[in-house]
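To start, the structure under review is shown below, and the notes come after it.
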Amino acid sequence: MADERAGEAAPLPFGTVAVVGGGAWGTALAMVAERAGRSVRLWIREPEAARAAADSRRNPFLPGHVIPPAIAITSRLDAVLHGADLALLVIPSQFLRRVAAEVERQLAPGVPVLVCSKGIEAGTGALMTAVVAAEMPGRPHAVLSGPSFADEAAAGQPTAVTIAVPPTAGGIDPLAARLAVTMGTATFRPYVSDDPAGVEVGGAVKNVLAIACGMAAGRGYGSNPRAALIARGLAEMQRLADALGGRRDTVSGLAGVGDLTLTCSSEQSRNFSFGKALGGGLSIEAALAGRTAVVEGWANARSVTELADRLGVDMPICATVKAILDGGLSIEDAIHGLLTRPITAEPWALAAGVQVPHPAG
Ligand SMILES: NC(=O)c1ccc[n+]([C@@H]2O[C@H](COP(=O)([O-])OP(=O)(O)OC[C@H]3O[C@@H](n4cnc5c(N)ncnc54)[C@H](O)[C@@H]3O)[C@@H](O)[C@H]2O)c1
Ligand SMILES: O=P(O)(O)OC[C@H](O)CO
């Protein structure tokens, strides 16, 4: 049988990539793009840190890695964006709006942006692509998410992610394939999707659930509670994705189950280790002390829960993490509260319309 794709031109990669955000993930993605053969510039916000990284080829946010000399590093946003034909936005979720607005003023019209932040904005409840759509009206955009510790991606360990572009009438927008070939290498494999909402919900909610798993580990709990939090957390992701117009099935993929299992089961996760410190008895201040790296789940426990409340979506684990972080609930009371909720059925049974018998008394 003839290959239906025979004769189709392969998507062309973008040649010059501006990476806006010089934390661990921005630096790792700059290294991935350089490895893929792109001309790469990296924007580090703090001038002194940018100068030091340009000289030493090291970034304290991503210790243990040497940044290839071919990657230009500067704190001048105009220099990074000038002549770029793709910009990656790799900014902590609560700062993305301001940076996106600044990039919009300096980036040539029509140049696409790939959002690599994970989170939901506090106050507005906006997904990261909604923030970009608002601050960069009409600009083509996509989101990259999935199970990807910066350290391992920078080291060239096999990593798979999802790149999602808003749907078009004709299937997956060709921009997704162009972005995939721009970033893809034999060790970094993007899959494409037309469901940014589903992908983004996975990336935002897993941060909160990783804090919950960390808290359980810090309390000395073993594998049963962690598996329960992962599986029931997935149900919360599915409900939120659904309510935001995404697909439940998307959260079964890399950006949902993939990232959830990664961050909920590894001490490498900043969210998990923050939760573990709290579970071990540290105060929030003590658990955050000395950290320069972002703990997205801390702000996102609130933004996810507020969004869920507004949409009428039941997300008891995320709400519990928020209540603990707000200081109103002890971890013991939280666990008791989650385990003694009214009996319910698993999500597929509920989706099939199964009636749940209420316990007597
Ligand atoms: N680190 C990872 O392994 C990883 C992997 C995938 C996705 N992400 C996501 O990437 C995003 C960036 O995280 P990271 O790990 O690169 O950050 P990081 O914790 O390594 O570094 C913090 C970053 O925040 C920047 N920053 C601090 N204050 C700022 C402000 N007011 N305005 C703009 N920027 C400010 C700093 O310059 C620095 O680049 C997050 O949404 C994170 O969830 C991280
Ligand atoms: O270290 P964390 O918890 O911020 O997780 C990093 C990445 O999001 C993992 O995919």
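Please read every residue number as a count from 1 along the shown chain.
Each Cβ is built from the backbone N, Cα and C atoms, and glycine gets one as well.
Whatever TrEMBL says is automated annotation, not expert-curated.
Keep in mind that this is a model prediction, so the values were computed, not measured.
TrEMBL lists 17-165 with the feature domain 'Glycerol-3-phosphate dehydrogenase NAD-dependent N-terminal'.
Taken from TrEMBL, the feature NAD(+) binding site covers Gly21, Gly22, Gly23, Ala24, Trp25, Gly26, Phe95, Ala150, Arg270. Summarising the environment of Arg270 (NAD(+) binding site), the number of other Cβ atoms within 10 Å of its Cβ, over all protein chains shown, is 22.
DSSP gives Arg45 (NADPH binding site) a coil state; it is part of no helix or strand. The Cβ of Arg45 (NADPH binding site) has 16 neighbouring Cβ atoms from other residues within 10 Å, across all protein chains displayed. Here TrEMBL flags Trp25, Arg45, Lys118, Ala150, Arg270, Val294, Glu296 as NADPH binding site.
Under the heading domain 'Glycerol-3-phosphate dehydrogenase NAD-dependent C-terminal', TrEMBL lists 195-335.
The active site, proton acceptor annotation in TrEMBL covers Lys206. With a 10 A radius on its CB, Lys206 (active site, proton acceptor) counts 34 other CB atoms from all the protein chains.
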Report summary line: Among Trp25, Phe95, Lys206, i.e. the recorded positions, the one with its Cα nearest that of Ala150 (NADPH binding site) is Trp25
Report task. Measuring Cα to Cα, tell me the gap between Lys206 (active site, proton acceptor) and Lys118 (NADPH binding site) in whole angstrom. Result -> 9
Report summary line: CB < 6 Å to ligand 1, subset of recorded positions Gly23, Trp25, Lys206, Arg270, seq order -> Gly23, Trp25
Query raised in the report: Of the residues in the domain 'Glycerol-3-phosphate dehydrogenase NAD-dependent N-terminal' (17-165), how many are helix, strand and coil by DSSP?
Result: 54 helix, 32 strand, 63 coil
Query raised in the report: In whole Å, how far is Lys118 (NADPH binding site) from Gly21 (NAD(+) binding site) when you measure between their Cα atoms?
Result: 13
